[in-house]
Amino acid sequence: MSATPPIVPTATPKVGFVSLGCPKALVDSEQIITQLRAEGYEISGTYDGADLVVVNTCGFIDEAVQESLDAIGEALNENGKVIVTGCLGAKKSASGSGLIEEVHPKVLAVTGPHALGEVMQHVHTHLPKPHDPFVDLVPAAGVKLTPRHYAYLKISEGCNHRCTFCIIPSMRGDLVSRPVADVMLEAENLFKSGVKELLVISQDTSAYGVDVKYRTGFWNGKPIKTRMTDLVGALGELAAQYGAWVRLHYVYPYPSVDEVIPMMAEGPYKGHVLPYLDVPFQHAHPEVLKRMKRPANAEKVMERVKKWREMCPDLTIRSTFIAGFPGETEEQFQTLLDFIREAELDRVGCFAYSPVEGATANELDGALPDEVREERRARFMEVAEEVSAKRIAKKVGKTLKVLVDEINADGGIGRTAADAPEIDGVVYIAPAAKASKRYKVGDFVSVKITGADGHDLWGEV
């Protein structure tokens with residue numbers, strides 16, 4: 001990295017920002033931007049309007065690595081002063097040196113993920129902060145990169161699992177749970193700012209508190225254990241006060257999840273703790289799961305899914321899977337297809353297995369040809385979409401609560417409790433006439449569902 005002298009801005013220093021990767025990386029970006037704003041920096045929407053640029057990278061799969069390297073290159077070409085942070089910053093090249101520094105030696109500095117303090121130190125070094133920070137001008141909820149009516153709430157960092165296809169622990173470290181009081185304070189500030197939906201995220205939401213032995217914290221004078229079940233209950237109580245939603249992501253299928261389902265189905269938190277689980281099953285055959293080092297047993301998972309649906313018939317389950325994992329036989333793949341049909345998962349994504357540099361799965365025998373992996377992914381998605389279409393068709397004729405995300409010339413676009421933003425379906429709301437006068441973005445409206453197609457619904461207010 002070059003020893004570049006500090007930039008001397010002619011007015012208020014401006015920082016450009018590029019955020020790549022998953023919602024967890026987005027939260028890291030929000031924290032950095034919040035701190036920049038608190039210290040008096042302006043955020044520039046263009047390269048040429050910025051004194052320097054921060055690029056928050058992703059390094060999980062090869063495509064993400066290339067996208068991040070390209071983004072860094074673009075920022076260097078367009079601006080020339082670039083600080084890099086994020087998962088790719090922790091990735092080494094084949095020679096053992098930093099990958100980013102090797103590909104782009106002109107960057108000013110590189111940090112790993114979840115490195116607010118380091119990033120700010122580098123910003124201060126290369127672009128000294130203003131003398132009069134305006135901390136009071138920054139909202140208590142912080143600066144958010146999502147629309148104003150929903151936000152991601154990250155409850156922990158890192159992961160204790162060592163799945164063979166994943167390199168996240170090498171980049172983000174072991175599980176570190178946030179203090180429950182900090183999580184609740186952020187949630188309250190977000191609700192106060194007008195957020196109508198909180199999306200709880202982490203690498204492993206079910207493991208929240210394991211690292212601190214579920215120690216008891218306090219919020220508004222009440223004891224709350226650092227444990228997923230207790231946190232969800234507290235968030236549900238808070239959401240009920242603001243008429244808002246709480247949605248759970250990255251939930252491993254541990255027995256403790258059984259304690260959360262009743263909150264979705266009945267009691268004071270029904271309608272606030274959404275009947276929605278994002279559960280990364282990844283596969284269903286025990287031998288494949290063993291090679292993946294996944295903390296799950298397929299038979300017990302099926303029993304658990306059935307139990308969840310018995311407790312909460314409206315439950316929506318989203319999951320992701322990998323097809324064509326090293327050593328996967330056709331018989332094992334058929335077991336996966338059978339699981340999808342029997343479990344009747346509502347929302348499903350699938351990746352054809354792709355080697356990730358640094359993953360231990362690369363050392364496994366039985367690597368499958370690209371065409372086999374892609375063919376299995378296509379077959380998987382065909383079955384998954386059939387199941388999803390049957391599930392969603394059952395909603396026609398029902399009246400559902402919808403959170404409005406957008407209003408345009410054709411009417412409104414929103415989501416039900418079964419739809420997370422950006423990854424699930426939407427509801428197209430008619431009529432278009434006077435839509436903007438009847439409701440606004442962030443409102444909840446009751447919609448009579450009149451049609452379904454693929455992952456989306458159509459309806460009328």
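These residue numbers are counts, starting from 1, taken along the chain as shown.
Keep in mind that glycine also has a Cβ here, set from the backbone N, Cα and C atoms.
The feature [4Fe-4S] cluster 1 binding site is assigned by Swiss-Prot to Cys22, Cys58, Cys87. Taken from Swiss-Prot, the feature [4Fe-4S] cluster 2 binding site covers Cys159, Cys163, Cys166, and the record attributes it to sequence analysis. According to Swiss-Prot, the feature domain 'MTTase N-terminal' maps to 13-128. Taken from Swiss-Prot, the feature domain 'Radical SAM core' applies to 145-390. Residues or ranges marked as domain 'TRAM' in Swiss-Prot (evidence: sequence analysis): 393-461.
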What Cα-Cα separation, expressed in whole Å, is found between Cys58 ([4Fe-4S] cluster 1 binding site) and Cys166 ([4Fe-4S] cluster 2 binding site)?
13
If we count other C-beta atoms within 10 Å, could you say which of the binding-site residues Cys22, Cys87, Cys159, Cys163, Cys166 has the fewest?
Cys22
Sorted by sequence, non-Cys159, Cys163, Cys166 residues with Cβ within 8 Å of centre, [4Fe-4S] cluster 2
His161, Arg162, Phe165, Ile167, Ile168, Pro169, Gln203
CB neighbours within 10 A of Cys58 ([4Fe-4S] cluster 1 binding site), counting all protein chains shown, number 22
Using Cα coordinates, what distance in whole Å links Cys163 ([4Fe-4S] cluster 2 binding site) and Cys22 ([4Fe-4S] cluster 1 binding site)?
18
If you average pLDDT over the domain 'Radical SAM core' (145-390), what do you get?
90
Tally of DSSP helical, extended and coil residues in the domain 'MTTase N-terminal' (13-128):
53 helix, 24 strand, 39 coil
For the domain 'TRAM' (393-461), how many residues does DSSP put in helix, in strand and in coil?
5 helix, 34 strand, 30 coil
